[in-house]
């Protein structure tokens, strides 16, 4: 069983990030506290965060950039200037007009919020200086934190139980608050009343993301390494021991593995690699590591999730629950799920990881800042999306591989320069297409209606070819983003070749870096053996310049 510090179990801190993906699948109604809001109010919500020892506090923003709060207001965590509870939404006037980029909260609870302008505001519980304002007085209203941050652009925040971290745009981490286990990373165990840069092993590193456990801190740097510090009683630092770390220490067991993201549960840790693999370590009394048993692990241990590539991991400091989403859209959960111990990843019927925490975590809270959109009416974009491939309203159909795709001439001419000229004087209502496959051309037309692409990474190369052929710059960028999600050692050279062929410079650099980071395996693949001579020559030359062949 993991060690629990009295008073720490309740609302432990967790990092929450705004997300623009899967907006239609998010439903704030799954959190009971939103039953206090009217339907009209729910339709205006743009972002939402549910927290508190019983999921009894909420902060949300509206389409008008107003911030509202409701709940028990423990320690003044609603920021409205008093400690009165409220079952009706109250507007947080001091932050009206501010757009939230990142938000996190702690056990008191205390709130740390970063705006899209890079400013930091804090309020709520402050017995351990976790607000960073130099005092230990609770903050009843949002306070702008500028000490040592005045010239910094903060892009991400994270809270432990009673300590806080922020990440700046230049890759620096600042920390403050409770430090009994070294979680502030200052090298001592004295509390830190104001923001202090975390240095040591991070001094010359560029940090890409941060996370906090109950009393520990973590950072992922641009090289894919993970640095950890603070409390380690359950092995949650992944160092093979249970001793606390007062300064950042690299997780050596992940040598050669590039981590993209880290997430912290109550006393366990998850990381996601660039190949879509999950590793877990720390407390495991509820099966939250997903290893098939309940034994704690002090070293990173692989989590097997079918044969699906994972693109998202989720954990929440107030629960012993873990979740993940695959490239194919499957959502898995494990750990403590409504009182049951699920010791292996379990495939759910959910569309997003947020639903796992709404329906199975205790308490029912959000693990990140949700983004939602009103659905009281169809927007222009939604209306256009509905009309794609609709034979009832179309005035044009494409014949591709023996199958029809229905479209509308006026929209195609508005959205695509190629169609603007090719359809200008055409009276044909059927166009045969042989240059591209049915899935690729259908995905292209769907993109013109929705501004999104829905192709798996392995087929997106064909769409990249089309985007290059039609000079569709934005589509080309989206294709590159999709292709990146499917890279592995076996196809890295093929994707690099495609990137060079279609002058996709961002993808080319990404594939090259991936090949360098996995050089030993990549050079043994059939793709490398069959590599074009000129491409091979350029690859070796460039690899040499970045020191890939140094002893």
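Glycine is treated like the rest: Cβ placed from N, Cα and C.
What Swiss-Prot records for 394-457 is domain 'BTB', and it gives sequence analysis as the kind of evidence. Secondary structure by DSSP for the domain 'BTB' (394-457): 27 helix, 14 strand, 23 coil.
Annotated repeat 'RCC1 1' per Swiss-Prot: 64-115, in sequence order.
The repeat 'RCC1 3' annotation in Swiss-Prot covers 171-222. Mean predicted confidence for the repeat 'RCC1 3' (171-222): the pLDDT average there is 97.
Per Swiss-Prot, the feature repeat 'RCC1 6' maps to 328-382.
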Three-state composition of the repeat 'RCC1 1' (64-115), taking helix and strand from DSSP: 6 helix, 23 strand, 23 coil
The repeat 'RCC1 6' (328-382): DSSP-derived helix, strand, coil residue counts: 10 helix, 17 strand, 28 coil
